[in-house]
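Have a look at the structure below before the remarks.
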Amino acid sequence: MSTLRLLISDSYDPWFNLAVEECIFRQMPATQRVLFLWRNADTVVIGRAQNPWKECNTRRMEVDNVRLARRSSGGGAVFHDLGNTCFTFMAGKPEYDKTISTSIVLNALNALGVSAEASGRNDLVVKTVEGDRKVSGSAYRETKDRGFHHGTLLLNADLSRLANYLNPDKKKLAAKGITSVRSRVTNLTELLPGITHEQVCEAITKAFFAHYGERVEAEIISPDKTPDLPNFAETFARQSSWEWNFGQAPAFSHLLDERFSWGGVELHFDVEKGHITRAQVFTDSLNPAPLEAFAGRLQGCLYRADMLQQECEALLVDFPDQEKELRELSTWIAGAVR
């Protein structure tokens, strides 16, 4: 029996693909070597310890229907579209070695006619007349008895959109999480016009087989049929949940400020695991009572626009004369908090 396993996803859903990856990783035999090939439609993928409110323009993402997905590995935030090819190599220890998987990807690129090299802790770069340009970034995860290396290759990604979603609004957001390092990047189509996802997958597969001296049939993973993977439904539910993607953010503080016709408002939030642990309000309004009451209601509230709006609008019962101000506050919060 072969020790290799090759899986290819035909889903573009990041939550589906990351759930598949997680399930395979948890249940694979320690003697198995796995290659999983996949890609995502418009998604910002953040590292396990990152703060989406810090890393991403979450309001722009919502408007443009871009998903947020938190992976189980560390590292920084990246934007995925169908111009990216994603790969995951898994193996039990002591077989797991990220230098092996890196060399497989480099060999695949070389077979396609691209001379690339490893740079720093997790990048692959090509040399251009303008200097080194990143074509691949990776992240890693290890447990006691196994590990995985996953990453992306930029084929024909819309690089103009990177700045749309990976540059957060210029808000006063002080975070204790990891801030992603931006790198100068380029697409493989600049070097190989017309290169396709299928060609890259085939090259990586051939390099994978060549390294281990074995071949196996590919298993196609599709959302049209629930994957036969232990605990997949539960893993997918967690991967797609707000609690995982947003609520796992490290502790941070957020300051929102706005000036209305009736006065200026500053809202200070301390947030842990997606819940407000402290809220303060500062205002020069002639009637600060409803704002003070609003801040008092927020202890333990989910840091989500709809939940804050709900608490704000609940004050209409106690402060009917301040309906205009409270509705303006609620509308502002809807746009300021995502």
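Any Cβ shown, glycine's included, is placed from N, Cα and C.
Feature annotation from Swiss-Prot assigns ATP binding site to Arg71, Gly76, Ala77, Val78, Phe79, Lys134; the stated evidence is sequence analysis. Annotation source Swiss-Prot lists (R)-lipoate binding site at Lys134. Annotated domain 'BPL/LPL catalytic' per Swiss-Prot: 29-216, in sequence order.
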Integer mean pLDDT for the domain 'BPL/LPL catalytic' (29-216):
89
For Lys134 (ATP binding site), name the DSSP secondary structure in the helix/strand/coil scheme.
strand
Mind giving me a neighbour count for Ala77 (ATP binding site)? Other Cβ atoms within 10 Å of its Cβ, every protein chain shown.
25
Largest separation between Cα atoms (Å) of residues that the record links to ATP, namely Arg71, Gly76, Ala77, Val78, Phe79, Lys134:
21
